[in-house]
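Structure record follows, encoded as structure tokens.
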């Protein structure tokens, strides 16, 4: 997986601070997560190929996560896109986008599918043979979902020397990769584990922004490889977090610890803080493996 | 008057090309004209004080002139603006903005007035004691207006030495500034012109984007100090201009010549052209006083 942070600040775009948007590359997919104003320029700036985006996931309809979407959709049209585009987001997203396309008489020449979300329970919203995407219901001022991206368990890998040695016909290779024991050309049953290597551990990524501290997301994101959790504030401003339904760095770290995630990435910072290292220090008092999102930063995992 | 070009490119924002937006400072007003995606960041970049904007004029509802408006309105809210904001633009603009504010549950804490336009004739839409704003009906793929900003004729200036010499009481100064002859303290009628200087010539600015070549705007913009006229294409691509209802540099210059404007500013360039000087050269074959808009450029006139 490869995660590119296009923007990780809250509220409003500024000269040097972009609002929320990320690109997650996973098994040949390029998923776009949230789309604040200016996202299309950030995509260009980081030389990410627009055309590869086929699925967009919007957490909620606050402007700093959403106002760049209509522009991106329009730009796809101007670039004569033909591929379908699927958009997942809260109910209302279809009306907001289609009204603007109607007013500008600029209907897309590609197919645009809206998948509007209303459930407050985690649900599977996308699946192919390699990846699943689930919602993570969050608690913010308006209806909001995080998203959990999970690689499916892959196939076992052939130990080709051992396979040859065991005299197994090529017709059985598929079965071996799927973990079955098979008979060799002499009719002897071969233990799968003696001729294959284990599948790589499937990776997972949970995006949780925006939300107040919400412990009941823990079961949904349990053991993920990487958790991005918003930390709009520091503990000294916990009263602002409470009031605006955001989280502090320490609260994000507490969720990471409870969910036994491997790595926590902090983001969605209020621009009131000049020094981001304080977020990391605060989170580290609770959970050790903390990284800071920054606009343009790439995480490989 | 002071005109700051925030963006002067057509179609989509790019790393180095912003879509249409301009700030016109005139008699203590700071008018915002069009608001493509990213306009609020351009305002910050050029250190223009957001708070001074009280009137916004939107030409039409294509994204490259409009998609930054909802973000700017939201940012005003976050900056705890209290002053009223007036928005002039095509019918539909109110619904597009208010739907998005509704979906994000982010109503403004200041008063937002929409003045929706539907007329295809030039009309006076704003007036105070120093400035008038009129629409300039244009011909584009959707309903579009340019805007004409006109200073009102100012007052004559007192020639204070001559006024004292003529022995005129201070109570008559107001009348003198308004151009009347007045009696002095000895009862003698004083010729206004002998004790005052003429008022400065009122300035005017016409913004015309987007439009095909449209000669019937000439009477509306006759003799303006500065005309900004779109020139999306060069003559060699006149067929594209025809098809998309845009203008060429030469056509913009022809309008400038017919209207006897003082200065023509070209803009709204297609990003297909790397070298903008070609626009100037083409326009100069028809009209001599041509300037090129560029993002961030300031024109004083």
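Cβ atoms are placed via backbone N, Cα and C, with glycine included.
What TrEMBL says about a protein is an automatic prediction, not a curated fact.
According to TrEMBL, A:64, A:65, A:268 bind Zn(2+) 2; the candidate from A:105, A:128, A:210, A:216 that the record adds to this site is A:210. Among the candidates A:115, A:140, the one that TrEMBL lists alongside A:60, A:62, A:210 as binding Zn(2+) 1 is A:140. Same-chain residues at least 6 positions away in sequence with a Cβ under 8 Å from that of residue A:62 (Zn(2+) 1 binding site) are, in sequence order, A:141, A:142, A:210. Less than 8 angstroms from the CB of residue A:60 (Zn(2+) 1 binding site) sit A:66, A:89, A:90, A:138, A:140, A:142, A:143, A:144, A:145, A:210, each of them six or more residues away in the same chain. Reported as a whole number, the C-alpha separation between residue A:268 (Zn(2+) 2 binding site) and residue A:64 (active site, proton acceptor) equals 10 Å. Chain B comes within the C-beta cut-off of under 8 angstroms for none of the binding-site residues A:65, A:140, A:210, A:268. In sequence order, A:59, A:61, A:65, A:138, A:141, A:142, A:144, A:209, A:211, A:245 are the same-chain residues whose CB sits within 8 A of the CB centroid of A:60, A:62, A:140, A:210, the residues recorded for Zn(2+) 1 being left out. Reduced to three states, the DSSP call for residue A:140 (Zn(2+) 1 binding site) is coil.
Within 8 Å of the centroid of the Cβ atoms of A:64, A:65, A:210, A:268, where the record puts Zn(2+) 2, the same chain has further Cβ atoms from A:10, A:19, A:20, A:34, A:36, A:59, A:60, A:62, A:209, A:230. For residue A:210 (Zn(2+) 1 binding site), the Cβ neighbour count at a 10 Å cut-off comes to 26, with all displayed protein chains included.
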